[in-house]
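Here is the structure we will look at, set down as structure tokens.
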Amino acid sequence: MKIKTPLTVKAFAKINLGLFITRKRDDGYHTLSTLFAPIDWYDILSFSAADAIEMSCTNPDLPVDDSNLCVRAARLLQDEGGVKEGVSMLLDKRVPFGAGLGGGSSDAATVLRVLNSFWDINLSSVDLHRFAVSLGADVPYFLEMQGLAYAGGIGDELVDLNMTIPWFIVTVFPCEHISTAWAYGHFHRRFELERPDLRALAPQLSSDGKTELLPLFENDFESAVFEQFGNVRQVKTDLLSAGALFSSLSGSGSAVYGLFEGESAAREVMAAMEAKCYPVSLTPPGFSMRQ
């Protein structure tokens, strides 16, 4: 089935609630333990029929050639399904890149999901998962999950926790682009430490008073990132000073989020961050990626 009329889809971002780097494998990859939670910050992807795979983007700093994850995802499906037609993709880039929010991974997952249907390839969930992992460790989450999920392995071993975050989430981008490679090269190793079981702790995070558990959800990248980027550290300080129950770096940064019980406090700190010209988003309690 060709895409007869332009199709527009949101590709939501995520934050990490806790992120423990557990070991370095022989192949150079690091294993981790983390929780992924969706946030109401998204890119918009538009698809229309074309003779070849074409890509354009509203952000001129992002490549639109075969190094782009969206293009790679489209080519994987085209080759696997023996598809003759192409697709024109327009990426309205709203989620900051180099922020630890998984925007590029979410975009790639959206391409896999949309084109698998509209090219009538109808790959199984197992095959789609395999393609997702080949594109990036975060991609399977955006392809398969909707709410809070536990991730192990390199981030690709997922468990749906069938729950959502019960607080307002304010997510701030301090205008620093931090590469994942830099973060892994500078984080302070703590492999020998016994770490909390994030998967077991997650169900206890509810609106009925388990906020005392939140400090257990540390991010192993924080100390190295905060040492190098003082403005990123300051965002966490500001969020906590504004009444956040908890604040943390997301992924390898530079985005920082705060969890708030009340909407008014969340909106006040949003205004303060916007006054610094920092992009910011507000996610309501109970948010999921189901549209």
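For all residues, glycine too, the Cβ spot is worked out from N, Cα and C.
Going by Swiss-Prot, these are the annotated features:
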- Lys14: active site (ACT_SITE)
- Asp138: active site (ACT_SITE)
- Pro96, Phe97, Gly98, Ala99, Gly100, Leu101, Gly102, Gly103, Gly104, Ser105, Ser106: ATP binding site (BINDING)
Which of Pro96, Gly98, Gly100, Gly102, Gly104, the listed binding-site residues, has fewest other Cβ atoms within 10 Å: Gly98
Three-state secondary structure, Gly104 (ATP binding site) (per DSSP): helix
CB contacts for Asp138 (active site) [other CB atoms within 10 A, all chains]: 28
Other residues, Cβ within 8 Å of Pro96, Phe97, Gly98, Ala99, Gly100, Leu101, Gly102, Gly103, Gly104, Ser105, Ser106 Cβ centroid (ATP site): Ala13, Val95, Gly251, Ala255
Where Lys14 (active site) falls in three-state DSSP terms: strand
Residues near Lys14 (active site) in space but at least six apart in sequence (CB under 8 A): Phe36, Ala37, Pro38, Ile39, Leu101, Gly102, Ser106, Asp138, Tyr141, Phe142, Ser250
Cβ neighbour count (within 10 Å, all chains shown) around Ser106 (ATP binding site): 28
